[in-house]
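Taken verbatim from Swiss-Prot:
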{"type": "DISULFID", "residues": "26-56", "note": "disulfide bond"}
{"type": "DISULFID", "residues": "30-49", "note": "disulfide bond"}
{"type": "DISULFID", "residues": "38-70", "note": "disulfide bond"}
{"type": "DOMAIN", "residues": "21-70", "note": "domain 'Kazal-like'"}
{"type": "SIGNAL", "residues": "1-20", "note": "signal peptide"}
């Protein structure tokens, strides 16, 4: 029983650590410059940085369709 508890604690720690790395990789500080881009999800983003940040944090493949509003 102790072995299972230790294994569970280890696995929870491992998953938490992996989740923390994902969040850090996605943290992006974007400027407030307004150079709108249209994303492949049909949304207009203030600039490419905001689109990239959203794609990373949502874990979706969002690309720039064109420069300007959708």
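Cβ atoms here come from the backbone N, Cα and C positions, even for glycine.
What you see is a predicted model, and the numbers here were worked out from it, not measured in a lab.
Structure with Swiss-Prot features highlighted.
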residue: 26; record: disulfide bond; Cβ contacts under 8 Å, 6 or more apart: 53, 56, 57
residue: 30; record: disulfide bond; Cβ contacts under 8 Å, 6 or more apart: 46, 47, 49, 50, 53
residue: 38; record: disulfide bond; Cβ contacts under 8 Å, 6 or more apart: 44, 45, 64, 65, 66, 67, 68, 69, 70
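Across all of the domain 'Kazal-like' (21-70), the predicted model scores a mean pLDDT of 92. When secondary structure is read from DSSP and collapsed to three states, residue 56 (disulfide bond) falls in the helix class.
DSSP classifies residue 38 (disulfide bond) as strand under the three-state reduction.
Helix, strand and coil content of the domain 'Kazal-like' (21-70), in residues and according to DSSP, is 17 helix, 9 strand, 24 coil. The Cβ of residue 70 (disulfide bond) has 14 other Cβ atoms within 10 Å, all protein chains considered.
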